[in-house]
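K.L.:
This structure is in structure tokens; I'll ask about it shortly.
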Amino acid sequence: MGVQIEWEKIQPNLKWTILSQQKGFAAWAIFTSIGSMMLGFDFGLAGTLTAFAPFQVQYGHPYAGTASGYLIRADIQSGWNGVSTVGDIVGIIISGYLLEWIGRKHTLGIGAILTAAGVGIQIGVQTWRGFLVGRFVNATGFGIVFLVTPVFIGEVCRPEVRGTFLCIINGSIVFGQLILALAANFCAMRTDKWSYQIMILLQFVFCAILLAGYPFFPDSPFYFLNRNQPEKARRSLNKIHGSSDQRLIEAELVRLQEMVKSTRQMQELAAESGPLMLQTFKGKNLKRTLTACLMAGAQQLIGSAFVLGYITYFMQLIHVSHYFTVSVVLFVIMLLSNISAFFVIEYVGRRKLLLYGVIGLTLTELLMGIMGCINASGAIWVILVSIFLWAIIYQMSVGAVGFALAAEIPTARLRPATMSLVGFTQGATGWTIGFVVPYMINPDAGNLGAKVGFVFFGLGIPLSIAFFFLVPETRSLSFEELDHLYNNKVSPRKFQQVILVEREQEAELGVMEHGKPDRAVVSEVEKCAPPLGQGP
């Protein structure tokens, strides 16, 4: 006989048992993550296509230093990358409003249709300017779809397994990049224009899957409860979890109703504070917003826009043999590393993975930069090792865990607005780095080679310091406990210490109800004891 789960309680010690019974939710979480796959595929598409000789001939100019005899100018590459990032930002901002107006389901459908339109434009045009327009429309579409995943998972997921499911976001991005690498390795065998057009057309597959599943996709029960539609919320929960265990459905209804009630109370208190987007920067929300946005910005500033967007083209420039095949191996390793983070995150925790991860990435980039100064064949191998080491560390830390933490940090009422800002931050920093990278590595521009590692090493130092002071450990903490800790100005470094002490005090006072702390009693305890863990 299996372990009996008391769904009315939060039971971190049963997270793997709970995970095994969340198959229905897992299926829908993976379905929404197709938007992340689209993002991962498109993120490296332009940089990968730049390594194709037919693509260089179509959009480049004569250049004797390349195998094809053509080179796509750095400003054109930057324009493609930049406009795609701008489209992503626009889509994410639009999505933030659509999620509240029409729900998660219809937002996903609109984004899929817009993405398909952008793909069609990219196929139909013959000039680099037309390709640029297609990339903007495409990016706006998948930017709209992308935001559905963290919001849907953050609202519906059981707290015990929230971190594992939020890792799906970056895992899906990496999976999309692996599909891109596999497609590039296959299409590289062709020598005509279909070598790159097939890769563009593959994006229709993502749109087709989303549109096929759209009629059956259950909207968030939180969205329905927030609109005073409890029966629709119940039907949604039955569709997500199945109807076999009604104790789970009832417990989730209660949990989500409490979230809605808490959200409305906070909205009433903040009714005079202005739009939700502005509230994310006010008072005690500011640190939460900065921390969430730091996770997205750090991913780009630590080098992902370079490695994930231009690595195939970069390896071609530094004369790595079989660079398409090496890219496939690299992305396979990244996917495996990312999957391992799904399990490590609940054992090691967010803070340790993120802090030690960003420090490891910074040191790896220093090694790459040093090797770029050495003119020897052996240096190329060390550079490759550095790239693979960077990929492993990144996918087990900042890549996988960053989005998980960003989705956990905001208060419930500000989560959609904060996640829009997270997406904007990712887009803005990605645009900046992606725009500059071609100028740093292109032969007709900076031609830095592996010395580009010094740039990201310099950015990694302040990131490491920021992570030390701002990144909390949120493992097994409920959203109510996070609200309590931030509202009481507890230092993020001491979240676990403080909450463990408070749980012990609550247990002694016998005030635990349904596995959730009675904060009114805790406040009385705090009055009788010195503040715990306060700090910057």
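Even glycines carry a Cβ here, placed using N, Cα and C.
These came from TrEMBL, pasted as-is:
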{"type": "TRANSMEM", "residues": "25-53", "note": "transmembrane segment"}
{"type": "DOMAIN", "residues": "28-475", "note": "domain 'Major facilitator superfamily (MFS) profile'"}
{"type": "TRANSMEM", "residues": "79-99", "note": "transmembrane segment"}
{"type": "TRANSMEM", "residues": "106-125", "note": "transmembrane segment"}
{"type": "TRANSMEM", "residues": "131-153", "note": "transmembrane segment"}
{"type": "TRANSMEM", "residues": "165-184", "note": "transmembrane segment"}
{"type": "TRANSMEM", "residues": "196-217", "note": "transmembrane segment"}
{"type": "TRANSMEM", "residues": "289-311", "note": "transmembrane segment"}
{"type": "TRANSMEM", "residues": "323-344", "note": "transmembrane segment"}
{"type": "TRANSMEM", "residues": "353-372", "note": "transmembrane segment"}
{"type": "TRANSMEM", "residues": "378-407", "note": "transmembrane segment"}
{"type": "TRANSMEM", "residues": "419-441", "note": "transmembrane segment"}
{"type": "TRANSMEM", "residues": "453-471", "note": "transmembrane segment"}
K.L.:
Within this structure, do the transmembrane segment (79-99) and the transmembrane segment (378-407) have 3 or more Cβ pairs under 8 angstroms, counting pairs 6 or more apart in sequence?
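P.N.:
With fewer than 3 qualifying Cβ pairs, these stretches do not touch.
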K.L.:
Compare 79-99, 323-344, 353-372, 419-441 by their Cβ pairs under 8 Å to the transmembrane segment (453-471) and return the stretch that comes out on top.
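P.N.:
Per the Cβ under 8 Å count, 353-372.
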K.L.:
Of the stretches 106-125, 131-153, 165-184, which racks up the most C-beta pairs under 8 Å with the transmembrane segment (323-344)?
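P.N.:
Answer, by Cβ pair count: 165-184.
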K.L.:
Which listed range (79-99, 106-125, 289-311) shows the maximal number of Cβ pairs under 8 Å with respect to the transmembrane segment (353-372)?
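P.N.:
Checked against 79-99, 106-125, 289-311; highest Cβ contact count belongs to 289-311.
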K.L.:
Pop the mean pLDDT for the domain 'Major facilitator superfamily (MFS) profile' (28-475) in here, whole number is fine.
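P.N.:
The average pLDDT of the model in the domain 'Major facilitator superfamily (MFS) profile' (28-475) works out to 87.
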K.L.:
I need to check the long-range neighbours of the transmembrane segment (289-311): which residues 6 or more away from its ends have a CB within less than 8 Å of a CB in the stretch?
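P.N.:
Cβ under 8 Å, 6 or more out: 40, 43-44, 46-47, 50, 81, 177, 280-281, 327, 330, 354, 358, 361-362, 365, 387, 390-391, 394, 398-399, 402-403, 405-407, 409-410, 414, 418-419, 421-423, 425-426, 428-430, 432-434, 437-438, 441, 452, 456, 459-460, 463, 466-467, 470-472, 492.
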K.L.:
Which residues of the same chain, at least 6 past either end of the transmembrane segment (79-99), have a Cβ under 8 Å from a Cβ in it?
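P.N.:
Same-chain contacts beyond the ends: 39, 42, 46-47, 106-107, 110-111, 114, 118, 128, 131-132, 135-148, 151, 223, 277, 309, 416-417, 419-420, 423-424, 426-428, 430-431, 434-435, 437-438.
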